[in-house]
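Residues or ranges marked as transmembrane segment by TrEMBL: 25-49, 61-87, 99-120, 141-163, 198-221, 242-265, 271-291. Marked as domain 'G-protein coupled receptors family 1 profile' by TrEMBL: 41-292.
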Amino acid sequence: MSNNSFLRPSTFLLTGMPGMEGGNMWLAIPFCSTYVISILGNSTILLVIKADHSLHKPVYLFLSVLAVTELGVSLSTALMVLSVLLFDTHEIGFDACLAQMFFIHCFSTMDSGVLWTMAFDRFVAIYKPLQYASVLTSPRIGLIGLGLTVRSVGLLIPLPVLLTRLPFCRSRVLAHPSCLHLNLIQLPCADVQVNSTYALFVPLATFGLDSLFIVLSYVMIIKTVLSIASKEERLKALNTCVSHISAVLIYYIPVIGLSLVYGFGKHASPLIHVLMANIYLLVPPVLNPVIYSMETKQSCRGICKLL
């Protein structure tokens, strides 16, 4: 075997916003603010739920799991993004890049799974309100969280493993301030059919199935709500779903947008690709704590107590 048959780069080079390299310091302000809001917001949600025993209910336990996954997404990207923008540090080691890619995608797929379980939680709360607490007990929620973790880790481990088997003899420059599989898969100088096929299977097995289960859950919720005689009770039942529906839209709209940009916008400006990737990574962790804090009275009261 020739020495050049396998080329493994020691580092990759991360870029900021294409065409805006001279304004990295200015770009760092909104990025830094976004990460601070995300980390503080999700940490506050966790502290409030832990401190207030009246919030130890299934809906809030699922919310705490969502906050953990979104903290994971923010912390997986914050260090390198801010290093690029603030300190002009663009290099990241090969193994560190693969690790970052794994954690970003792992926490993101967990987000999708948590949103589906929260839809199921709303269905149980509306369909069987008297048995709600006995159906979704804390141990069962813990098992659901463990199952989502095992699913994400099991599905995502092959991605970095498959990349380590490929020769990288092209550019080492990644057109993002973070390591994403969509970008990394463009760099090897070998057949990436296996990698691409598996990378297509993962979102179908996670985002695809989860979105289907969310839709089915809401079909059942609507059928149950329509069977309620009182108009006030119907509105009250639907109001309990507002925060979750908002969280689903905030998560899936950037996912769909990113998929469309990479699938059909190959000739679009690189800046659009980077913007969509950052919206996908940053918007849900920032907005979800705000939505749940404002929409849920008990969360609002808990935050006021904590402060």
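Note that the numbers count up from 1, one per residue, in the order the chain is shown.
Each residue, glycine too, has its Cβ placed from N, Cα and C.
Most Cβ pairs within less than 8 Å of the transmembrane segment (25-49), among stretches 99-120, 141-163, 242-265, 271-291, belong to 271-291. At the 8 Å Cβ threshold, with sequence separation of at least 6, the transmembrane segment (271-291) lacks contact with the transmembrane segment (141-163), having fewer than 3 such pairs. Counted over residue pairs 6 or more apart, the CB atoms of the transmembrane segment (61-87) and the transmembrane segment (198-221) come under 8 Å in fewer than three pairs, which marks the two as apart. By the Cβ criterion (under 8 Å, sequence separation of 6 or more), the transmembrane segment (242-265) is in contact with the transmembrane segment (99-120), since 3+ such pairs are found. Averaged across the domain 'G-protein coupled receptors family 1 profile' (41-292), pLDDT for the predicted model comes to 89.
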